[in-house]
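Colleague: Okay, handing you the structure first.
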Amino acid sequence: MADQTKKRYVTSEDLKKHNKPGDLWISIQGKVYDVSDWVKSHPGGEAAILNLAGQDVTDAFIAYHPGTAWHHLEKLHNGYHVRDHHVSDVSRDYRRLAAEFSKRGLFDKKGHVTLYTLTCVGVMLAAVLYGVLACTSIWAHLISAVLLGLLWIQSAYVGHDSGHYTVTSTKPCNKLIQLLSGNCLTGISIAWWKWTHNAHHIACNSLDHDPDLQHIPIFAVSTKFFNSMTSRFYGRKLTFDPLARFLISYQHWTFYPVMCVGRINLFIQTFLLLFSKRHVPDRALNIAGILVFWTWFPLLVSFLPNWQERFIFVFVSFAVTAIQHVQFCLNHFAADVYTGPPNGNDWFEKQTAGTLDISCRSFMDWFFGGLQFQLEHHLFPRLPRCHLRTVSPVVKELCKKHNLPYRSLSWWEANVWTIRTLKNAAIQARDATNPVLKNLLWEAVNTHG
């Protein structure tokens with residue numbers, strides 16, 4: 001009883017006032033935590049917390065943190081509790097499900113997917129080296145380019161997995177795998193991926209908070225981008241100018257060609273982040289890993305006999321990775337979108353609304369890297385991909401219970417939905433009555449502040 005009298009209370013409205021850098025509070029299970037100073041040390045990045053600032057973040061916290069993380073909360077507790085703390089039926093069921101998965105050990109039983117994938121990556125790399133260095137046939141070189149593209153896809157899946165949970169027994173080894181599979185093998189910084197990907201997960205399909213939807217002037221999934229909205233992630237305006245209008249007017253035609261060279265933009269984004277003034281965890285290690293890639297890859301290409309074959313080799317290897325770039329878009333482009341920050345109180349609902357699953361046979365799971373179960377992954381990002389197919393029926397049943405969407409489309413259907421979404425926006429972009437701003441070519445590479 002004495003402890004009860006010492007409690008101090010705030011309302012949810014009071015909590016919302018502490019939602020900016022320097023004055024940043026969050027609540028978890030009714031207890032309030034002041035993370036104003038600590039937010040810069042957050043392993044998942046500042047953006048993830050800033051997106052949910054001044055709110056209850058219990059569901060997101062459960063989704064992204066292991067049980068050991070709860071022990072670190074008490075030192076951030078400022079003594080306040082939320083007086084009108086309320087848990088919805090959806091959240092209550094979600095938390096029960098997460099607890100059940102934890103009790104069954106699903107978050108800890110990682111299987112051997114990473115080992116198998118890295119073994120395949122090693123075999124493909126050996127085949128690529130042999131094809132380029134020991135063969136003179138152009139067909140051998142083309143096959144090597146295809147294998148290199150597939151290698152990059154599978155390596156990216158390992159980087160993705162290791163970024164969400166520890167795929168090995170130790171954190172240092174996990175970090176090494178991140179750098180090898182991301183920076184060294186693919187040339188894409190794991191630091192950049194974590195920065196954008198964590199924000200994407202938290203603010204799934206928010207037009208102004210989710211960086212994975214912000215592709216002006218190349219693509220726009222919603223006509224709301226035509227108002228030149230401000231990206232809360234990049235901290236700059238996404239200008240809808242004459243260049244954007246022209247490109248977006250034909251985006252349903254240019255989608256697949258752009259995906260074939262989309263890797264170039266990821267290289268640019270990596271360099272822009274690593275050499276920016278932003279705080280980048282392990283910046284030196286990330287730069288070192290990128291230097292490894294830009295040493296072996298150009299060197300490998302240089303062993304090809306002429307510039308024509310070199311160009312074809314690079315283009316084919318990049319084009320193969322378009323399969324993965326397209327998949328990322330299929331999971332979200334045709335799903336529901338919204339503007340504004342995510343709401344911690346309907347976190348589960350926002351994840352179901354903003355994602356699409358891709359249906360496939362179990363023998364194709366390796367090809368999609370588990371991301372065909374996009375909703376399951378978004379709800380339980382720490383869940384090893386070997387369990388996603390197992391939990392899928394349970395998630396589907398929970399969505400059905402609460403009348404929430406659970407959309408699982410074939411690869412063909414998902415492409416049709418995506419192209420339809422792009423076409424609808426393209427037709428609207430051609431409307432001359434929509435005002436545009438002055439052209440800024442530099443917007444084409446999503447520059448960072």
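Note that Cβ sites are derived from N, Cα and C of the backbone, with glycine treated the same way.
Reproduced below are the annotations present in Swiss-Prot:
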- His42, His65: heme binding site (BINDING)
- 7-91: domain 'Cytochrome b5 heme-binding' (DOMAIN)
- 160-164: motif 'Histidine box-1' (MOTIF)
- 197-201: motif 'Histidine box-2' (MOTIF)
- 374-378: motif 'Histidine box-3' (MOTIF)
- 113-133: transmembrane segment (TRANSMEM)
- 138-158: transmembrane segment (TRANSMEM)
- 176-196: transmembrane segment (TRANSMEM)
- 255-275: transmembrane segment (TRANSMEM)
- 284-304: transmembrane segment (TRANSMEM)
- 311-331: transmembrane segment (TRANSMEM)
Colleague: Sort His65 (heme binding site) into helix, strand or coil using the DSSP assignment.
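Modeller: Note: His65 (heme binding site) is coil by DSSP, not helix or strand.
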Colleague: So if I exclude everything within five residues of the ends of the motif 'Histidine box-3' (374-378), which remaining residues of that chain have a CB under 8 angstroms from its CBs? That is, six or more out.
Modeller: 201, 204, 331-332, 351-352, 354-358, 385, 388, 391-392, 395, 399, 406
Colleague: If you run the three-state DSSP split on His42 (heme binding site), which class comes out?
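Modeller: DSSP call for His42 (heme binding site): coil, neither helix nor strand.
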Colleague: Below 8 angstroms Cβ to Cβ, which residues of this chain, lying six or more residues outside the transmembrane segment (311-331), approach it?
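Modeller: Cβ under 8 Å, 6 or more out: 132, 141-142, 144-146, 148-150, 152-153, 156, 212, 255-256, 259-264, 301, 304, 355-358, 368-369, 371-372, 374, 411, 414-415, 417-418.
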Colleague: Taking the Cβ of His65 (heme binding site) as the centre, how many other Cβ atoms fall within a 10 Å radius?
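Modeller: Excluding its own Cβ, the number within 10 Å is 16.
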Colleague: Using Cβ-Cβ distances, find the residues under 8 Å from His42 (heme binding site) that belong to the same chain and are at least 6 apart in sequence, listing them in sequence order.
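Modeller: Counting only residues 6 or more apart in sequence, the Cβ neighbours of His42 (heme binding site) under 8 Å are Val35, Ala48, Ile49.
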Colleague: Where does the mean pLDDT land for the domain 'Cytochrome b5 heme-binding' (7-91)?
Modeller: 92
Colleague: Can you name the far-off residues of the same chain, 6+ from the ends of the transmembrane segment (255-275), with a Cβ under 8 Å from a Cβ of it?
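Modeller: Apart from its flanks, the transmembrane segment (255-275) reaches 152, 187-189, 191-192, 195-196, 218-219, 283, 286-287, 290, 315, 318-319, 321-322, 325-326, 329, 418-419, 422, 445-448.
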